[in-house]
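Participant: Per TrEMBL, the features are:
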TRANSMEM  6-26  transmembrane segment
TRANSMEM  59-81  transmembrane segment
TRANSMEM  87-103  transmembrane segment
DOMAIN    92-164  domain 'Concentrative nucleoside transporter N-terminal'
TRANSMEM  115-134  transmembrane segment
TRANSMEM  169-191  transmembrane segment
DOMAIN    171-267  domain 'Nucleoside transporter/FeoB GTPase Gate'
TRANSMEM  248-268  transmembrane segment
DOMAIN    274-467  domain 'Concentrative nucleoside transporter C-terminal'
TRANSMEM  332-354  transmembrane segment
TRANSMEM  366-385  transmembrane segment
TRANSMEM  406-428  transmembrane segment
TRANSMEM  448-466  transmembrane segment
Amino acid sequence: FGDEGSWRLMVITVLASLGLLGHMVLKHVVQDRLSDRGNGFSAKRYLVGVDRFMTKIRLAIVLPVMLVVGLLVYIIIDIAIDRPRNLVSLGGMVFFVAVLFIFSHNPSKVQWRAVFWGMALQLIFALLILRTSWGRDAFQWLGDRISEFLAYTDEGSKFVFGDLYINHFFAFKVLPVVVYFSTCVSILYYLGVMQVIIKYLGMFLCFCLGTSPTESVNAAANIFLGQTEAPLMIRPFLSEMTKSEMHAVMTGGFATIAGAVMAAYIVYGVPANHLLSASVMSAPAALAVSKLFYPETETSKHKARDVYNIAKGTERNLIEAASNGASMSIKLVANIAVNLIAFVALLQFVNATLVWLGDRVGYDGLTFQLICSYIFWPLAFLMGADQDDCRVIAQLIGTKTFLNEFVARSVVIATYALCGFSNLSSMGIQLGALGAMAPHRKSDMSKIVFRAMLAGNVACFVTACIA
């Protein structure tokens, strides 16, 4: 014991054991004893008792106060003394929250529990992932395993395109990764693994933030799935969602990236461990920002037991599931390719026009990226980037927001700031997908899609501040 293979076997064994134990507990303890019949143990009565106890000791007040005090002590001891420069990003968080509150759809109705716990979970995840040696090592190990897993795509690419496929890096190495990952997700969905993970992550978010089951499940799904695939988990409920719930669904789609796109980023050389932590941290951030920018003023119509009962795939066997996953990726691959061709060409045209205009007034090198480097410089600074890098990060933010997330690439802080679908081109994609699922709600979606895109960007920026 001690080599990488033995650790991998231990992780698989522990996860399988916990999954089996959890299934047995839920089936035989909770489900079978949830009723009040008989004189024996009643899980329902027990949960009511726990709720009364928590209310009595005012845990809803005491726990947040303890958490805030603990974080303040940590910030003073670990950051303010040794790395005071990092406090700039704390000011950035305050700035983003204040701006969203001022321009909120209904500031007086903001549910501060969702905002507080959404950001608190981000901080907790960040501390575990980035500030503990075992957390960093675990995510680095997990990132390495994912990179290793995705490398098997090369065999398929080599078989189809030949040994020289690497000469066309994006078309024949990056895009095939999307096909491979989509196939694997489809298999996990058929086996029911994906539903279990998403269900319990959704329940966890719902419990902590007090958000509705539908928006919580969607936020959990966005960690693994894209902005058009994740809402399929809650498709039957979309037509009766409140506007705030709909805004949360759209914000979650903008604030995260699809697993297949994350896989493509990894092939491009973006650190896998930071992409993983960004995806995890952005889920509670999306709910927090959404509930701040578009507070809930209605009552959700959906019951938890209906939402959490996520159906399995309709395929008849594993082979059909794999084949369908590969086939479904065709649209995604084509969408990525044609959007890149269109927006890179459009960027070049805009830059040529700006250069021509700049030459007329004696200014050399006027480009879209140069303009963005000034407009978004304050945001880059507030997120904690070094002053020497702020203009580069600002260029990337501008390129990603106005064009496409694939065009803009950089390192750690930029990874967190850019790790989302929140750009103008994605607004049309999301309206088309969600509108097809709930046609009579398309007018409501059109009214809030721009706010949701802005909220998705802010969720990414807050994640970058925390990182």
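Backbone N, Cα and C define each Cβ position, glycine as well.
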Participant: Who are the long-range neighbours of the transmembrane segment (115-134) in its own chain, taking Cβ under 8 Å and residues 6 or more past its ends?
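Facilitator: 64, 67, 71, 74, 78, 93, 97, 208-210, 273, 277, 280-281, 284-289, 291-292, 462-463, 466-467.
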Participant: List, by number or range, the same-chain residues at least 6 past the transmembrane segment (87-103) whose CB is under 8 A from its CB atoms?
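Facilitator: Sequence-remote neighbours of the transmembrane segment (87-103) are 75, 79-80, 110, 115, 119, 289, 292-293, 381-384, 455, 458, 461-462, 464-466.
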Participant: For the transmembrane segment (169-191), what are the same-chain contacts with Cβ under 8 Å, counting residues 6+ beyond its ends?
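Facilitator: Residues 150, 152-154, 156-157, 160-161, 224-225, 259-261, 263-264, 266-268, 312-313, 315, 318, 321-322, 324-326, 328-329, 332-333, 336-337, 340 contact the transmembrane segment (169-191) from elsewhere in the chain.
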Participant: Express the predicted model's confidence over the domain 'Nucleoside transporter/FeoB GTPase Gate' (171-267) as a mean pLDDT, rounded to an integer.
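Facilitator: Mean pLDDT for the domain 'Nucleoside transporter/FeoB GTPase Gate' (171-267): 85.
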Participant: Where DSSP helix means H, G or I and strand means E or B, what are the helix, strand and coil counts for the domain 'Nucleoside transporter/FeoB GTPase Gate' (171-267)?
Facilitator: 80 helix, 0 strand, 17 coil
Participant: Take the domain 'Concentrative nucleoside transporter N-terminal' (92-164) and count its residues per DSSP category (helix H/G/I, strand E/B, coil), listing them in that order.
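Facilitator: Taking each residue of the domain 'Concentrative nucleoside transporter N-terminal' (92-164) in turn, the totals are 62 helix, 0 strand, 11 coil.
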